[in-house]
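Database features, via TrEMBL:
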TRANSMEM  38-57  transmembrane segment
TRANSMEM  84-102  transmembrane segment
TRANSMEM  123-141  transmembrane segment
TRANSMEM  147-168  transmembrane segment
TRANSMEM  180-199  transmembrane segment
TRANSMEM  205-221  transmembrane segment
TRANSMEM  233-261  transmembrane segment
TRANSMEM  345-369  transmembrane segment
TRANSMEM  381-406  transmembrane segment
TRANSMEM  418-435  transmembrane segment
DOMAIN    428-623  domain 'Thioredoxin'
Amino acid sequence: MVSTAKAQIDPDQSVCSGAVAYEAQSSRSLRDFMRTESGSAGLLVVASLVALVWANSPWSQSYVDLWHTELSVRFGSGGLTMDLHHWINDGLMVVFFFVIGLEVRKEFAIGELTDRSRAVVPLVAGIAGMLVPAAIFLALNPSGEQAAGWGAVIGTDTAFLLGVMALVGPAVSTQLRIFLLTLTVIDDIVAVSVIGVVYSDDLSMVALAVAAACLVVLLVLDRTGVWQAAPYVLVVLVLWVATLESGVHASIAGMLSGLLVPALDPRRSDVEEAARRFRAFRQSPMPGVQRAARRSLTRAISVNERLQEALHGPTSRVVVPVFALANAGVDLRDGVLGDALASTLMWGIVLGLVVGKAVGIFAGSYASVRLGWGRLPQGVGLGHTLAGGALSGIGFTVSLLIISLAFDSTRLQDEARVGVLLAALLASLAGWAAFRFSARVLGQDDAALPRLLSRPVDPQRDHVLGPVDAPLTLVEYLDYECPFCARVSGVGDELRAHFGDRLRYVTRHLPLPVHPHAELAALAAEAAARQGRFWEMHVVLFGHQDELELEDLVGYAAEIGLDVEQFMRDLDDDDVARHVEHDVASAEESGVRGTPTFFVGDTRHVGPYDARSLIAALESTPSARRARP
């Protein structure tokens, strides 16, 4: 059978894509998102600096008084009363961990972790990146009250890490970003579990029972296919209150509830229904039709992704900076800084985060690859894992939260916070240095998928529309069961009408496992090519995407005038299968992770693939300028 790439339908990209197809986003949206991460990291730094300056200013007492201000929310005779510091740490931060839980669920359901083989290296690296820092910390603080702070060195602030990487890392680092996100999934699960189990006390069994019942309700909502967001949000609110009353830190409620919100591929029927409703609204812009269109559009995207979209911005731009403002303010006067610099607690945190994370993640990655347990994402080198491991020493948010739970002593909290802040600075500098070393010594300039077509067009084996020696070339990797490929199946005709004999249009196969009939359809197209009818079969297959069983293909063969018996023999021919396998291999080598994917000349096209965009891309090539009449 033909070997194919792991895949799923990706609604954000309007492609059928592989589990690591973040690279296929448009270049503009990727740049915008990276700017968002850089901006979020910038806000975090500004909030931390404001907290430090405020805590060391003549108005430092107002900083302390602000966070001890009590706030109450009452419902009849009941309610919640906490100071502002606890509302932030036990309330707002639950939203942060809820978003993490949503992201983890999506990764396991339709993301990078659907392919377990791809998760082995970051899994081992992530575990090593927690064990080594904890060992270093405990070596310096083996007993006593200080030993309770070991949890502060196991976590990584994902938002801060990605923001700093956008500033000091390679210009294109999409594949490294995927690796680090997968790694921090493991990191987050363990860190939140430690918070919930190790740093919780005075448990209330009644409240725990209510919390458990809420988790069961979330599971039922998931299993019964409830797609509206409101029921999930209401249950999560009840779960949060129950967890607060139970004595377990509320962060675990955020993580667990996020894990139970379903993330699904958009079903073709839902997408088509949304398109039909939208067309109806264009024809009849009435309030009722508008409501139906909005409802169908909402239903086409999973509740997990909708909640992520709604909460990602507020979390990164409000929740985390406010948390930093409330927790990073350390009064360094009256000998506090000197005591911290002489403290094994502070140095245990600094060395654990800065040295332990880098060594653990690099060693875990290196050992996994050398022992054959897995492989790094395409485009990521071991130098990148060292640099990414160094940046993972930015513990910040998780570390500060654990410190507030681990120590009752203000002195120990201050020493530990100084360690976290110093570690964030040193880890950023170490990451910058490691990226420069990786680029200049190891030659690993970026950490992205290949952009060039690995195997040049061969008119003897490739299927070419137009003159084989035309100056312009457009190569498409396609899947006959991919709905997005069907929608652009006529783009070749539009481009040829525009360019005439200056363009050759080439197709190659990339049948995706998510489409059960795609491989057989690709074989049918190649079997038809044996009798000189490739393009006729190509058109028929896209016209009957929902009817690609073997008996259907035999009928199409007869319809386009093929010798059916010969067609059946060719379907089972090993050479036909090898042709498709060759296309799949070339797609993998060329950085293709989804369909449709286009190459303009020998360069992978990133961005919209409508006829106008492809014409503009082709017109901008040197070959087009030379070939203009």
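Backbone N, Cα and C define each Cβ position, glycine as well.
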Test the contact criterion for the transmembrane segment (345-369) and the transmembrane segment (233-261): 3 or more CB pairs under 8 Å, pairs 6 or more apart in sequence, then answer yes or no.
-> no
Might you confirm whether the transmembrane segment (38-57) is in contact with the transmembrane segment (147-168), defined here as three or more C-beta pairs under 8 A between residues 6 or more apart in sequence?
-> yes
For the transmembrane segment (418-435), find every same-chain residue at least 6 residues outside the stretch whose CB is under 8 Å from a CB in it, and list them.
-> 48, 52, 152, 157, 160, 164-165, 168-170, 328, 330, 332, 336-337, 340-341, 345-350, 353-354, 357-358, 383-384, 386-388, 390-396, 399-400, 403
When pLDDT is averaged across the domain 'Thioredoxin' (428-623), the result is 90
Counting only residues at least 6 beyond its ends, the same-chain positions whose CB falls under 8 A of a CB in the transmembrane segment (123-141) are 147, 149-150, 152-154, 156, 182-187, 190, 344-345, 347-349, 351-353, 355-357, 359-365, 367-368, 373-374, 385, 389, 392
